[in-house]
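Novice: Sharing a structure below in structure tokens format, with a few things to ask.
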Amino acid sequence: MNLHEYQGKQLFAEYGLPVSKGIACDTPKEAVAAADEIGGDGWVVKAQVHAGGRGKAGGVKLVKSKEEIREFAEKWLGKNLVTYQTDENGQPVSKILVESLTDIDQELYLGAVVDRGSRRIVFMASTEGGVEIEKVAEETPEKILKAEIDPLVGAQPYQGRELAFKLGLEGKQIGQFTKIFLGLAKLFEECDLALVEINPLVITPAGDLHCLDAKVGVDGNALYRQKKIHEMHDPSQEDSREAEAAKWELNYVALEGNIGCMVNGAGLAMGTMDIIKLSGGQPANFLDVGGGATKERVSEAFKIILSDDAVQAVLVNIFGGIVRCDMIAEGIIGAVKEVGVKVPVVVRLEGNNAELGTKVLAESGLNIIAATSLADAAEQVVKAAGGK
């Protein structure tokens, strides 16, 4: 689960990190009032969406008057912001962050992720702040400094100082950076984060370090014990189908093809998408109904898949292990009847009660195409969707 910048900065402040004074606003009137409360003669206004590249898309602006703030808020509130990280529809803007201006002498980068290879939290720092860290990693990987956090002892002050020295910091900046490093590590662990970035972490003309941006991603599997953070969830930033799928504990990711996929198991789902692609088709989604699929979840999965108008055929690929194929077959029949499926449905069943499941489908009287193998299923569904 991702957080908005203003929410991330609220957490930063709670953990002692230096952030700008800012107010998240819902209306142009609130945005103008926020400028009065913050004070000064210049501000930064930022559209709040779960995507990078806002500045290049016009979603971040330095303003010198309250009239400019009002115009910016009127331009973006209730509209969609399209950046290089969004799809062509963009993401809706429901809040504008109004912040005090911060003068910048230098931009740095500081972030942390869970490294699956080392099974540890890894901090990354770089002198190349203000640009995409992925670009830095690709073009000049030697400019990215790393520090692994030992899970037994946690982040240590010496690691912060070591990174600070390598970044070329000096004097009071060493202590400031170490404090930010330790605060960020504590936040990462206590709030079950999956990713956190400060880009840029700036040095002001006075020589102080300041967190100018906040990108925070929370481990969705830990939200049950992060009630406060869970309340920050903004479903408007997610694909509506993905949000609906999450309610039913379905793993759904929208894609851009025309062949809907319903599979049990993430690995089998990825393999199914691969073979559709190899057969000349384009998957419309990734959908894993899981090992504990029920008739109700299968029915909801169909509804979600068919809510995508681009879908011209559906492939159901089930390997019966924990879940019985005959139960899945009953769910498919119920869903086809309830939803009124108008597109071709190709079903491949293998494993637990596969023969019984195939028999149930055959006796249903519905227009469901039974496949004899995964390769056959892919060929059938591509053909049904109008492919080769």
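Even glycines carry a Cβ here, placed using N, Cα and C.
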Novice: Of the candidates Asn221, Asn251, Asn258, Asn264, which does Swiss-Prot annotate as part of the substrate site that also includes Gly321, Ile322, Val323?
Specialist: Asn264
Novice: Quick check on the binding-site residues: of Thr102, Asn199, Asn264, whose CB has the lowest count of neighbouring CB atoms inside 10 Å?
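Specialist: Lowest Cβ count within 10 Å among the binding-site residues (Thr102, Asn199, Asn264) is Thr102.
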Novice: According to DSSP, which of helix, strand or coil covers Val323 (substrate binding site)?
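Specialist: Assignment for Val323 (substrate binding site) reads coil.
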Novice: Report the member of Lys46, Arg54 (the binding-site residues) whose C-beta atom has the most other C-beta atoms within 10 angstroms.
Specialist: Lys46
Novice: Which whole-number value in Å describes the distance between the Cα atoms of Val323 (substrate binding site) and Asn199 (Mg(2+) binding site)?
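Specialist: Between the Cα atoms of Val323 (substrate binding site) and Asn199 (Mg(2+) binding site), the distance comes to 45 Å.
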